[in-house]
Amino acid sequence: MADGQEEGLLRRPFWFLRHGQTDWNARHLAQGRTDIPLNATGQKQADEAGAQLAEGFRQAARNSQRPSEGQPFTHIVSSPLKRAHETARRVRQSLPQGAGPMPLSCVEDLQEVSFGRREGKAMGDWYESWISGAFTPEEGESFADLRRRAVVGVNQAFARGPGAPLIVAHGALFRALRHAMGLKANVRLPNAVPVCLTPCPDSEGGGWRIEGL
C-alpha cells in the first residue's frame, strides 16, 4: 500500500457483536479506552448472544451435508478491552465444541475509540459532531482515524482463521465500519446483538448487507 493511501475493507463476510452492557453504558457515559468490565446485565446479554449463535450453528449443521463447511464463522477475534473479551469468552463457551473450543484471539486495532478527556463524561450532542468530523475530543481520536484503524483491525481478523470471523468489539467502532462500507454511520447497535455483514455483488449495486439472526 502506497504511503498515505488508506487501506480498504476486504469484501468478505463477517459477523459482528458489540460487547454486553457495562455500568457506564447504563449511565450513558463515554467509555472509550477506559477498561470498564461487564455488569450483571451485560454478562447475561453475552450468554444470551452465545445461545443465539449456538442455535445458528445447529441450524447450519442441519441444513448442510458437510456441517463443518456450514459454520456461520470459524474463529472469534476480540478487542482486548475487558468488556469485549469477556463477552467473547462467554459466547465461545456456548458454542458447539466439536474438535475443541473455537479459536479466540485479540487484535489491538479493534479497541474502542479514545475519547480522551471526554471519557467518563455524559454522552451528548458532541458525539454527532465527532462523527461528522467537526469535533475531536481533547487528547482523543478523530472519527476518520478510528475508521482507518477499524478497517485495519477487521482485515487482520480475516487473517486469523480460514473462514468468516466473529468480531467482538464496540459501538463507535461499528459506526466507523458502517462509514467505511458506505452506510449511514450514526446508527446504534444494541449491546450483545449479533449481526452478519455480507458484501453485495456488483449486480446488486455493491455495498453491504447487514442482517441479524
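The backbone N, Cα and C atoms fix where each Cβ goes, and this holds for glycine too.
The secondary structure of H19 (active site, tele-phosphohistidine intermediate), as reduced to three states from DSSP, is coil rather than helix or strand. Taking a C-beta cut-off of under 8 Å and a sequence gap of six or more, H19 (active site, tele-phosphohistidine intermediate) has these contacts in its own chain: L38, G42, A46, S79, L81, R83, A84, E86, T87, V168, A169, H170, N191, A192. If you look up TrEMBL, you'll see R18, H19, G20, Q21, T22, D23, W24, N25, R83 marked as substrate binding site.
Here TrEMBL flags H19 as active site, tele-phosphohistidine intermediate.
Each residue of the region 'Disordered' (57-103) gets a DSSP state, and the totals for helix, strand and coil are 23 helix, 4 strand, 20 coil. Among the features that TrEMBL reports, region 'Disordered' is placed at 57-103.
The feature active site, proton donor/acceptor is assigned by TrEMBL to E112. In sequence order, Q31, G32, R33, S79, L81, A169, H170, G171, A172, L173 constitute the residues six or more apart from E112 (active site, proton donor/acceptor) in its chain with CB-CB distances below 8 Å. Annotation note: E112 (active site, proton donor/acceptor) sits in a coil segment as assigned by DSSP.
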Message: For a quick check of understanding: among the binding-site residues W24, R83, which residue's Cβ has the most other Cβ atoms within 10 Å?
response: R83
Neighbour count (Cβ, 10 Å) for G20 (substrate binding site): 28
Field: Sequence-distant neighbours of T22 (substrate binding site) in its chain (C-beta under 8 A, six or more apart)
entry: Q31, I36, P37, L38, N39, G42, R83
